[in-house]
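Q: Positions annotated as signal peptide by TrEMBL: B:1-35. If you look up TrEMBL, you'll see B:38-203 marked as domain 'Quinohemoprotein amine dehydrogenase alpha subunit haem binding'. Marked as domain 'Quinohemoprotein amine dehydrogenase alpha subunit' by TrEMBL: B:213-315, B:322-399, B:404-537.
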């Protein structure tokens, strides 16, 4: 371990040794309970919080090493380890949620003179044994920079605090969020939604996006920063597009449309589905695990759409903007995170607000919140 | 929101060029070659830690670019902020001067982009190249790019620097829907190398130009929105240091406010005039072009740069007579008004135009003639005034105002203060009067501009959303008399819907009284959030 890593891990090490650090007042105990439903979310200065969804109370908080941001999280299939992309997009950590211990660390940069960022881009295999990240390296030479081709790096999640890739493959550029299918396939969102064989590195298109061939449709615009692990096991990617009236391709008369691309992570089934008119922007959306015909979206309002009817069913006004949506496993409650340091809870049926959970620390910013069962 | 605007280089700590020049410039040599050799020593000592010597006075990267003084300042500041360069302010000033002189832009190469240097931050940019607009002007002003010259290899370095330093660049809106890096390297680099090449005839020609005289006495004429016209005299004296000067300025606004102060100036590249001058206890900055014995540009508050004046100045020189400005430059038929003619070498009888009688010459000097004038109805239209044998500028006699425009038609104000790192940015509006012209119909080609006239100012919700959100109540205050809008405090406002900040979308309404008739005009103002990243070239 080099000095940088040693220093960066100091706060955690100090806690474990029982040294009282100023500001280190977060509770690292108790362990999570089996079969229990929780939510994690990260915030400034660099915390990860666990919320008990039976009581909707803050259950515990862990301090993380290094700097916060972007706070993209992924929960291991066993519900014990939370992985987080942090330190200005440059490091992925694994945290044992039972005791707040950092058990995994991978620096995205793999060689001297390289600065590498992962842009919201990592996932855990269905068996929990591997972690995948798309890395965007730049070589920092003495008087100039040179952007390098991106790579898909595969890590053994048991590799500890100085994990190095066990395999690397070339990756397309502009890849962001990713999820893994039950069959081991890696799905990643880029110019198209790719389907990757993690053993050979072979990249195929699962769902065409930039290159879709939908008659009278403009190419979509896709914002992808929150890789939500949904209870319905859907990898859902929102898009906005315009559908022209005819082949004159007149934008003035075109319909503006919201839709989603979706991979069913259990079956590998894919779809591209318009769900309503584009009237406002959502940063994230999620499908109901209770009713597959419902999709929710959030930014300045929490909105619910009937997918078949392609119409807005209901919208709830919010106290402030929220970036990241999550829904519990029975589909009854929606949890909104991101922006400030409060999580808002809504009844998924009535869309009534049920309450807020205040978090210690600062803004969640663009952290991904995840709901999981330990 | 950090994704859309993920580029957060914080250069707010940068002070504009030339601050405290005199205090720190005592040891600077006056000989150009001596200064150059000192600058080269600084490069040897500071820059070659990373840059490579390529030959005599040739260094990697450095020697393959041309920029404005502000451009070079930003480059060196970036080396400090991002790459660990440690350099004194004095050495940095020396380098900026050396580089701007040796690798600057010809005056013609800055045309069309000077608004950025002059801090006219309300400028709405528009470029023919859609690629340029979406690739470059998406995150910063296009002017920042237009004020640089590089060969293809250096534009290519710039692409790699951008994506390496701000890796989300290729993931943002207007980038994530296309193959950004390929377009940047294979479309944008050739385009920029063609439109803004390192080598140009204009630059070669400019370097052959003889040095223009600067020291001496100057007459200034200016106009500041929210305050009015002014005229002044400025004495420029050579100071220690290459192309450095001390200034003394005295003058007055049309409303009688005295304008007086002293400061320092530096001339870069033979024509880029930059001065800091403390006027009435406020530091003002001059960003002028020296051309043909005239200075043109903008003078503004250094720490509140939306408050500023368009300025033109002329240097007294034997045999030079010039009319710079008439203040005011219009009069209503049938009325009497006091008119100031500002210029240099003025002598002889002032003639304002047909049908305008100079009733009385109130005072006369070579730089300022003040007269009382009376206009009759038979002189309606635009004339070129004269003083003695010289003619210049324009003077308007009108009988009625046919139309009024709000200037600027669209403006941006910014919330600020309230303990945040960024002060409020005001918006300043003026009412511009137009006459219908000979055909009596407004909106036709023969309309002519009368000039700025007093108005009563108000704001209103721009649309239903602004109305519902109470933007008029929350976003700030319009001064009914001056047209100056002061935005509200920064930060989330718990009183507003969704705790939003005091942003707003407002109609700007001017009401002008012209005799018995009342005219009105409308503009738009967006009151928005702070400009967090505010380098010398936006």
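Cβ atoms are placed via backbone N, Cα and C, with glycine included.
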Q: Restricting to CB pairs under 8 Å, which listed stretch, B:38-203, B:322-399, B:404-537, is in contact most with the domain 'Quinohemoprotein amine dehydrogenase alpha subunit' (B:213-315)?
A: B:38-203
Q: Need one number: mean pLDDT over the domain 'Quinohemoprotein amine dehydrogenase alpha subunit' (B:322-399).
A: 95
Q: With DSSP as the yardstick, break the domain 'Quinohemoprotein amine dehydrogenase alpha subunit' (B:322-399) down into helix, strand and coil residue counts.
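A: Per DSSP, the residues of the domain 'Quinohemoprotein amine dehydrogenase alpha subunit' (B:322-399) fall into 3 helix, 49 strand, 26 coil.
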Q: Across the domain 'Quinohemoprotein amine dehydrogenase alpha subunit' (B:404-537), what are the DSSP residue counts per state (helix, strand, coil)?
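A: Summed over the domain 'Quinohemoprotein amine dehydrogenase alpha subunit' (B:404-537), the classes give 12 helix, 62 strand, 60 coil.
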